[in-house]
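**Q** Sharing a structure here in structure tokens format.
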Amino acid sequence: MAQARENVSLFFKLFCLAVMTLVAAAYTVALRYTRTTNKELYFSTTAVCVTEVIKLLISVGLLAKETGSLGRFKTSLSENILGSPMELVKLSVPSLVYAVQNNMAFLALSHLDAAVYQVTYQLKIPCTAFCTVFMLNRKLSRLQWISVFMLCVGVTLVQWKPAQATKVVVEQNPFLGFGAIAIAVLCSGFAGVYFEKVLKSSDTSLWVRNIQMYLSGIVVTLVGTYLSDGAEIQQKGFFYGYTYYVWFVIFLASVGGLYTSVVVKYTDNIMKGFSAAAAIVLSTIASVILFGLQITLNFAVGALLVCVSIYLYGLPRQDTTSIQQEATSKERIIGV
């Protein structure tokens, strides 16, 4: 019976990872198509804000389904949302940290060459692993550490684009760029693992936690939207440039965000990183078929490294606890 439950749990985790990978790949391809075909370019900041709203609404609906009755649903909202302001503050931390991360990544891209940015930004993968070890007291085997750094190299090669010569002279500050990328990498690792710790440290419903986080996320993205594009939005409108394809991209982003929280809840942030890497490979292959993108040697080698690293990380580890228990029992028998 225990083995059957373990197999079901493993199947569920693999299913969540597979769905997240496919949704993320579909989102990337759809976004590329929208950006290349949409003549009236929409504001990406408003799309992010709308995505947060849709994720909030879906989470509310799933919580209502989970509670099973209107009375229990109202009680859950009253106790966990309206009656727990500190929990809202606690879940606002990832939203604020992700906002800092996005701004630092943009600043770093402005002061570093694209190739240098691509390489250094992938350090968020081992940074997430380090945060997992220190914040969650989790141990990784030597083989898993090797797979983490192999994944980092693989993703770098997959996304590698050779620098192109340009006549435009841009004033860059490398020290500022490296400082910004370091902050972005730390924010990425910390925010993801912090959210995982909050999810797994209590029995609070996943959908309640999502509602708490998305409420603060809407506030943060709204502020960022009007600070970045406020003047143009007032002139053209909040939904300027939106088409059916844009709404489809937003829907995919929303579903992907929800599945990300499910993956973090039932696996961990490192597996989320592996799933995201697999999505990059799949979306690039789809781009070859749909947009005629040329596969390079760097991509082929990088994709191979990504696949090997996923396999290595997923290899079963030796259960040291059972060995310790057996050794202890043998010592007791000898002592008797």
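The backbone N, Cα and C atoms fix where each Cβ goes, and this holds for glycine too.
Remember, TrEMBL labels are computer predictions, not curated facts.
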**Q** Examine the ranges 7-27, 175-195 and name the one recorded by TrEMBL as transmembrane segment.
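**A** The listed stretch tagged transmembrane segment in TrEMBL is 175-195.
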**Q** So which range, 81-101, 207-227, gets flagged transmembrane segment in TrEMBL?
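**A** When 81-101, 207-227 are checked in TrEMBL, transmembrane segment belongs to 207-227.
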**Q** Tell me if the transmembrane segment (299-315) touches the transmembrane segment (207-227). I count contact as 3 or more CB pairs below 8 A, with pairs 6 or more residues apart.
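**A** Contact between the transmembrane segment (299-315) and the transmembrane segment (207-227): absent, because fewer than 3 Cβ pairs are under 8 Å.
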